[in-house]
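Structure first, then comments.
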């Protein structure tokens with residue numbers, strides 16, 4: 001790295017595809033295209049079905065709509081740069097464009113975490129206080145929760161781009177992924193990054209970390225309620241309504257925690273592992289969530305079949 005002590009901000013960064021497999025990028029793009037297509041069509045299908053089916057206009061499916069919109073946002077944030085590298089080897093991204101992409105990727109990740117918490121709260125109220133559920137989670141309350149989730153993500157992450165712009169950077173400008181990620185950009189700086197590290201850690205723990213803790217607490221309370229139910233059939237029926245959400249939580253949080261740990265402590269982790277975990281974190285959840293909910297939710301499945309049946313007539 002060359003650094004002469006003066007302030008330097010690179011005009012652009014160079015993004016990385018899959019290290020060691022650059023010659024196979026055109027072939028590797030095929031499964032990525034399939035995943036992106038599934039994510040786009042699947043989440044649009046979820047939104048269309050919920051909008052057109054009056055019986056699905058209830059809190060559980062409003063939150064599912066928020067999850068689908070968030071997943072669409074994540075897909076649209078990473079798709080241009082990822083496929084740009086695989087198809088055309090377009091590795092260059094402007095400094096400000098990179099910060100903008102990073103900001104929206106992190107906002108949408110935080111929003112997804114918060115939506116999963118709201119869905120856990122919805123399941124807790126529906127199982128523990130079924131008679132009070134409609135009066136607690138009214139349409140107005142759901143809208144307020146959605147606005148609070150968006151506002152929390154936007155405000156908490158607003159300082160991040162400015163903290164990165166104040167840094168001076170070394171001459172090395174190669175990122176570790178095909179998208180811009182805060183720790184990745186931060187580690188290219190030649191200046192003291194303690195403020196960035198501290199702020200990033202605090203925000204991660206007080207948002208995503210707290211969301212995960214409250215999701216776990218919600219399920220502890222749900223299990224206590226389910227155990228107290230009279231029959232085994234009632235227990236299984238109550239738990240079955242949570243299976244889709246539990247799968248969505250695991251699919252989102254496991255790769256996210258893994259990627260955060262790699263960026264902070266995995267200095268000796270092979271670049272290929274780092275890259276695969278990052279793709280798993282940002283591409284797999286948007287593709288799997290519509291499939292999970294279509295398979296496990298009988299209401300979504302029946303509405304989809306009715307829509308397909310009407311089109312075939």
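Cβ coordinates are placed from backbone N, Cα and C, and glycine is handled just like the others.
Remember, it's a predicted structure, so these values are computed and weren't measured experimentally.
TrEMBL lists transmembrane segment at one of the ranges 100-121, 166-187, namely 100-121. Residues 67, 109, 112-113, 116, 119-120, 123, 181, 183-184, 187, 201, 204, 208, 212, 215, 219, 273-274, 277-278, 280-281, 284-285, 288-289, 292-293, 296-297 of the same chain lie 6 or more positions beyond the ends of the transmembrane segment (243-264) yet place their CB under 8 Å from a CB of it. The stretch from 62-88, 197-222, 276-295 with the most CB pairs below 8 A to the transmembrane segment (142-164) is 197-222.
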